[in-house]
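To start, the structure itself, in structure tokens.
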């Protein structure tokens, strides 16, 4: 989630968070070109990610090729208590160890090779600064992919300050690289609760998480939303690519790295059959698992049935399944009662949002024993000896226990960047204090930026065909109500 300040006076940040006056920079927009753009099909140099990954005993270690760098002193002192400076003598950051910056920079460079659209935005913005004067505050997972987004926003002229939304998904070496380069959904909720007066200086909000979007609509319905907000989560490029394809690949990666489980013949229940749930179910079914689905929405439920999955209530299968996966964005989907009834050795994990989908708090009682068996893997043991395998303490499996496909995140990150450009450069009055979806033209533009990677060639409408369909030859090609 990111917030964009109005920057009415072209303010800049001091290290203590106060504002320093500066001349206003003229804003410019990136023009969405109607004609075809020429792109390089493939980068000439592609970095190689290390295949060997060490498993650390620390639950906060990231799965990164930079994990070969270790220093036991890192864990002796809280990052908040450390006094660190980068090569520019700046200390305006809070990270684990600035010495990991070189490793992190290599991670970011590898990610750049798989994020062609953001790199294209940087190239097109040379000479133009569509975010000049914008102050962007973000709260996301700190990974190599989000680092590419942050550095793209900076290249577009923005001043950025960022915070991690999840300590378990933070890649410490990437955070170090960002700190070294520095010269001096959760966030909206936090600002609204703690510092509501800040909304007077905020021009707009871009939100990409399900839960964050729900909160925005709740604020809007109650008349408490103070600024325009862009709902990126429900954009086509987020729903159909990030939520579906990304989760379809990363669910298996996360489970394999943490448990070494064989999926063939395993009974799995997936709670929720939205785009994330669909991706998880498809991947597990392809690996030979017997997959059950729980769902509250009759439309999604019917889709699950038509896709060949048995629709059940969680109570009906909780005693027999080998793996429980939540993908709902809700809270207390898996309760203590469910956890008590699970079979010995059942694997429990979350692919939805935060650690509230599984009632982890109910497991922190004196009669239960927690045993850390490897990074991000805990055995929770009952008095009778039964144990469940809890992954990432109920937090997001694919971001805490593995990595995610960089190319898919390029699509989402580009959508976010364009949404920020749109909100920041929109003339006064275009967006009210409400929640908006991205313009269809923007979704299509993001998709078009990624097609050259596959050497894909779009068919063009003739004038006669365009007239027959009532379309502009250059899009948008589908109405807003079209469901892809």
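The backbone N, Cα and C atoms fix where each Cβ goes, and this holds for glycine too.
Because TrEMBL annotations are produced automatically, they should be read as predictions rather than curated entries.
Remark: residue 238 (substrate binding site) has 208, 232, 411, 412, 415 as non-local neighbours, by Cβ distance under 8 Å and separation of at least 6 in sequence. TrEMBL lists 143, 183, 208, 238, 242 with the feature substrate binding site.
In the three-state DSSP scheme, residue 295 (NAD(+) binding site) falls into the coil class. The annotation NAD(+) binding site is assigned in TrEMBL to 274, 275, 276, 277, 278, 279, 295, 398.
The compositional bias 'Basic residues' annotation in TrEMBL covers 42-51.
For 52-71, the entry in TrEMBL reads compositional bias 'Low complexity'.
Per TrEMBL, the feature domain 'S-adenosyl-L-homocysteine hydrolase NAD binding' maps to 243-404.
What TrEMBL lists as region 'Disordered' is 1-20 (among others).
The region 'Disordered' feature in TrEMBL is assigned to 26-91 (among others).
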Is it possible to get the count of other C-beta atoms within 10 angstroms of the C-beta of residue 276 (NAD(+) binding site)?
28
Averaged over the domain 'S-adenosyl-L-homocysteine hydrolase NAD binding' (243-404), what pLDDT does the prediction give?
94
Assigned element (helix, strand, coil) containing residue 208 (substrate binding site), judged by DSSP:
coil
Measure between the Cα atoms of every pair in 274, 275, 276, 277, 278, 279, 295, 398, the residues the record assigns to NAD(+), and report the largest value in Å, rounded to a whole number.
21
Have a look at the binding-site residues 275, 276, 278 and say which one has the shortest Cα distance to residue 143 (substrate binding site).
276
Position of peak Cβ density within 10 Å, selected from the binding-site residues 274, 277, 279:
277
